[in-house]
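Participant: Here it is: the structure, laid out below.
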Amino acid sequence: MKKFISSIQDIWKIEELRNKIILTLGLMVVYRLAAQVPLPGIDPTQLSGIANKTSDGLLGLLNAFTGGAFAKASVMALGIMPYISASIVVQLMGIAVPYLQKLQKEGESGRKKINQITRWLTIAILIIQAPAYLVSLPSLGIPESAFLLGHGPLFYFSSILLLTTGTVFAMWLGEKITDKGIGNGISLLIMIGIIARFPSSFMQEATSRINQSNGGLIMILIEIVIWFVVIFGSVLLVTAVRKIQVQYARRTVAGNIQDVAGARQYVPLKLNSSGVMPIIFAQALMFAPQLMANSSSEIVKSIGVSFTDMFGLWYNVLFGVLIIIFSYFYTAITIPTNKMADDL
C-alpha cells in the first residue's frame, strides 16, 4: 500500500505528466458540463417520461454511453457514438479500398488523412441520426407541451445543428485528450459518461440490498469484492505483454559487421493489443436492432425484438460474434506484421 501511495505521489512530481492529467480532467469536466445543456425549445422539467423509457435495455445502455445526455435531450445527446460508427466504417473500408490501404501505410501523414475522412463521415452520419433522434422524442415519452417551439422548421434546424455541433465538440475533446492529455480520449469520454451514473446506481443497489432481511449487507459486500476482482483482472489482461525472443547471428552496426550470436532481444506483443475498441465497436452496431424493433413490418419488428433483449441468447451470440470479428480486424491494424518483419 505504501508503494502504491508513493507511486501516486511521484506522478505529481513529474511536471509534464501532471499537466497532462490536469488537462485531461479539465476537458472531461467540460464534457460533463456540456451534457447538462438541453436543446433549445424543449422544457427540461418535462423529461421524466424519456428517463423511464431509457432506464434499461439498449436505450438504457445508449443513455449510459452518453452519460445521461440522451435522456436529457441535451446538445450532447448523441455523444461520441456517431464518431465510433464512422471509425468502424472507415476501418472496414480500409480492408477493401486501395486508397485507404495506401494511407494506412503512410505512417503519421496517412493517419491524419484517415482521421479527416472519419470526421467528415461522422458529420454525414449525424445528418441522418440527429433528425431520427428528434423525430423519436415523442415516442420516447416527451409530451407535446415540452416542445416550446413546436415541431416547426426552426426547431428541427436549430436542434440538428446543435446535436451535430455537440458530437463534433465531443470528438474534438477526445482528440485533444489523446494528443495533449494522457491518451485514449474517446475511451475516457465513454468511461466518464458511464461512471457519471455510478454513485446513484450504487446507492440504489446498496439501499435495496441492505433493506433485504436475508443477508443483504453480505451480498452488497460480495458484489463490491467481485467488482474489484473484475477491474483487477481487466487491468492485467490489457497490460499483459508476451515477449517473443529474437536472436541475431550477425548484424551490421555503423558499417562494421559485429557478431551478436547469443544476444537476446525481444519483440513485445500485447496479449490484448486491440484493447476495448472491439467491444465499443460491437456495442455501437448492437443499437441497430433497436431501429428494426420500431419497424412497421411485423417480420422485421420480430427479428429486431429478438436482438434487443440484452439477457437473451441471440443478442449475446451476435454481440460475441461482432467482438471476435472486430478483434481480428483491429489486431491486424494495430500489429502490422509485414512492417515488423521488415524492421527485423
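Each Cβ is built from the backbone N, Cα and C atoms, and glycine gets one as well.
What TrEMBL lists as transmembrane segment is 21-39, 80-100, 120-142, 154-174, 181-198, 218-241, 274-293, 313-330.
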Participant: Please work out which recorded stretch in 21-39, 80-100, 181-198, 218-241 has the most C-beta pairs separated by under 8 angstroms from the transmembrane segment (154-174)?
Facilitator: 21-39
Participant: Give the one range among 21-39, 181-198, 218-241, 274-293, 313-330 whose Cβ atoms make the most pairs under 8 Å with those of the transmembrane segment (80-100).
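Facilitator: Stretch with the highest Cβ contact count: 274-293.
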Participant: So which residues does the transmembrane segment (181-198) touch in its own chain, when a touch means Cβ under 8 Å and the partner is 6 or more beyond its ends?
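Facilitator: Here the qualifying positions are 20-21, 23-24, 27-28, 31-32, 35, 64-69, 79-80, 83-84, 170, 173-175, 275-277, 280.
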Participant: Same-chain Cβ contacts of the transmembrane segment (218-241) under 8 Å, 6 or more residues past its ends?
Facilitator: 205-206, 209-210, 212, 268-272, 275-276
